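Notes to accompany the following structure.
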């Protein structure tokens, strides 16, 4: 599946495991709240039942995403400039501890206290995906990019599926629904420790990677590799970028549709189609399992197609995104028009959830297309808007639904989600771009055309890459005057380097 298995695949596997656990921490409340508020079905556990209204349940479901918004934008630049691995490690360890405290908060403090815990959990988890994006810009080589992204981000669906699958089983133990939080919290704590020990920020930082693999990664990225170390973020240019705003709207629309369907599927199947709680987890997990495996298979196919057919990035991204968004919208619209039975509803929900895997080859890769150097920052910006939509989607839906058993009210929710998805993809088709933006290569980065400069205060990896900041160039100029560099022609080399900016490689166009 991947060209010559190596250390980069171990890092990608670790990131995929992280998105699985990250998803479990998000979804555990979406699934657990059905058992927490289940007054009708008798369960064998001793866990108490919460007398919460649909609106209170909606507030609990949305609070995670309210917290999720705040650290999105700061985490993008931080993960690019400093250690993305340490940010991820801290986030998972802290979120795991908070998740283990969630049952006690709900039982002793009510839904208000659980809202606070979920808000804080979302707050610390807000750094995860921008940091993952930053790491992918250094580990996912272009020839393997589609399958790498699907493998890593597909963990979101797999985590949802596993949470729903074990949710029904754990709810029937003597501990009951709290066990769902204890298990996912413990997994997050252990993962945080694992990433701290085994994670690596870049191939250059990896201690046991072979020289062959480092050279393979460097050659694969070429001039478009991520290199934002010590470079100020061009905020003005980013915020004025039309393609970025198109991407932000698309990202928000995708999250509205995805989280509306995912967070409400267990409740919909239980209340409308009367699927028992003990069986709900199995049925709710099917769409997410299909999503993961279909995504990996199609991503492998996409890499092959682009290699053999020379399909442009622009066509590829928009083609897959259209299939994902409009395919999901079509399934949701069909549900609202046909009033399906349990089997048909499950089939349509499975299709609607499964086909969203194509976004891994669509808009989710577009951040790296626009700017390899600032992919984490771009993702943080668009994900901030997306998480506002993730809050509004379930919250608006539960505002529309006054009676959980009334099918016509659920149909309104599905129609609204379908409209949002249709418009979101239309924006991407019209205004989206896959060209590397001019501000990706800041003006204070220059090329030095010689490799034999020796300077103890300048990172040798950066010398080999032939890329320096103005501060480094000035330092080497001053040091060369005192003959402290071994190359007597360093001043001339530096003058030539400052005279020319690094050329910006243009991406393939439609």
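For all residues, glycine too, the Cβ spot is worked out from N, Cα and C.
Taken from TrEMBL, the feature domain 'Major facilitator superfamily (MFS) profile' covers 11-435.
TrEMBL lists 488-510 with the feature region 'Disordered'.
Long-range neighbours of the transmembrane segment (12-35) within the same chain, counting only residues 6 or more positions beyond its ends whose Cβ lies under 8 Å from a Cβ of the stretch, are 43, 47, 52, 57, 60-61, 64, 88, 92, 95-96, 99, 102, 118, 121, 125, 128-129, 132, 135-136, 139-140, 148, 151-160, 162-164, 167, 171, 176-177, 180-181, 184-185, 187-188, 191, 194-195, 198-199, 262-264, 266-267, 270, 277, 280-281, 284. Residues or ranges marked as transmembrane segment in TrEMBL: 12-35 (among others).
According to TrEMBL, the transmembrane segment annotation covers 55-73 (among others).
Panel annotation: around the transmembrane segment (85-109), residues 18, 21-22, 25, 28-29, 36, 47-48, 50, 75, 78-79, 116-118, 120-121, 124-128, 131-132, 135, 177-178, 181-182, 184-193, 195-196, 199-201 of the same chain, lying at least six beyond its termini, place a Cβ under 8 Å from a Cβ of the stretch. Taken from TrEMBL, the feature transmembrane segment applies to 85-109 (among others).
According to TrEMBL, the transmembrane segment annotation covers 115-136 (among others).
Summarising the annotation, TrEMBL assigns transmembrane segment to 148-167 (among others). Here the transmembrane segment (148-167) has long-range neighbours at 12-13, 15-24, 26-28, 31-32, 35, 132, 136, 139-141, 180, 183-184, 262, 266, 280-282, 284-289, 291-292, 295-296, 298-299, 353, 356-357, 360-361, 364-365, meaning same-chain residues at least 6 beyond its ends whose C-beta is under 8 angstroms from one of its own.
TrEMBL lists 179-199 (among others) with the feature transmembrane segment.
Residues of the same chain lying 6 or more positions beyond the ends of the transmembrane segment (244-262) and with a Cβ under 8 Å from any Cβ of it are 27, 30, 65, 160, 238, 288, 321, 324-325, 328-329, 332, 349, 352-353, 356, 359, 363, 366-367, 370, 378, 381-383, 385-390, 392-394, 397, 413, 417-418, 420-421, 423-425, 427-428, 430-433, 437. The transmembrane segment feature in TrEMBL is assigned to 244-262 (among others).
The annotation transmembrane segment is assigned in TrEMBL to 282-301 (among others). Tertiary proximity for the transmembrane segment (282-301) is limited to same-chain residues at least six positions away from its ends with a CB under 8 Å from its CB atoms, namely 1, 31, 146-147, 149-151, 153-155, 157-158, 160-162, 164-165, 168, 262, 265-266, 269, 275, 320, 346, 349-358, 360-361.
Here TrEMBL flags 322-338 (among others) as transmembrane segment. Sequence-distant neighbours of the transmembrane segment (322-338) (same chain, 6+ residues past either end, Cβ-Cβ under 8 Å): 250, 253-254, 257, 261, 344-345, 348-349, 351-353, 355-359, 362, 410-412, 414-415, 417-419, 421-422, 424-425, 428-429.
The annotation transmembrane segment is assigned in TrEMBL to 344-365 (among others). The list of residues near the transmembrane segment (344-365) in space but at least 6 beyond its ends in sequence, with Cβ under 8 angstroms from a Cβ of it, reads 145-146, 149-150, 153-154, 157, 247, 250-251, 254, 257-258, 261-262, 265, 268-269, 272-273, 283, 286-288, 290-292, 294-295, 298-299, 302, 316-318, 320-325, 327-328, 331-332, 334-335, 338, 428, 432.
Positions annotated as transmembrane segment by TrEMBL: 377-398 (among others). Taking Cβ pairs closer than 8 Å, the transmembrane segment (377-398) reaches residues 54-55, 57-59, 61-62, 65-66, 68-69, 72-77, 80, 126, 129-130, 133, 233, 238, 244, 247-249, 251-257, 259-260, 263-264, 367, 370-371, 413, 416-417, 420 in its own chain, all 6 or more past its ends.
Residues or ranges marked as transmembrane segment in TrEMBL: 410-430 (among others). With a threshold of 8 Å between CB atoms, the same-chain residues lying at least 6 positions outside the transmembrane segment (410-430) that come near it are 246-247, 249-250, 252-254, 256-257, 260-261, 264, 268, 272, 318, 321-322, 324-326, 328-330, 332-333, 335-337, 339, 362-363, 389, 393, 396-397, 400-401.
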Segment-level pLDDT (mean, integer) for the domain 'Major facilitator superfamily (MFS) profile' (11-435): 84
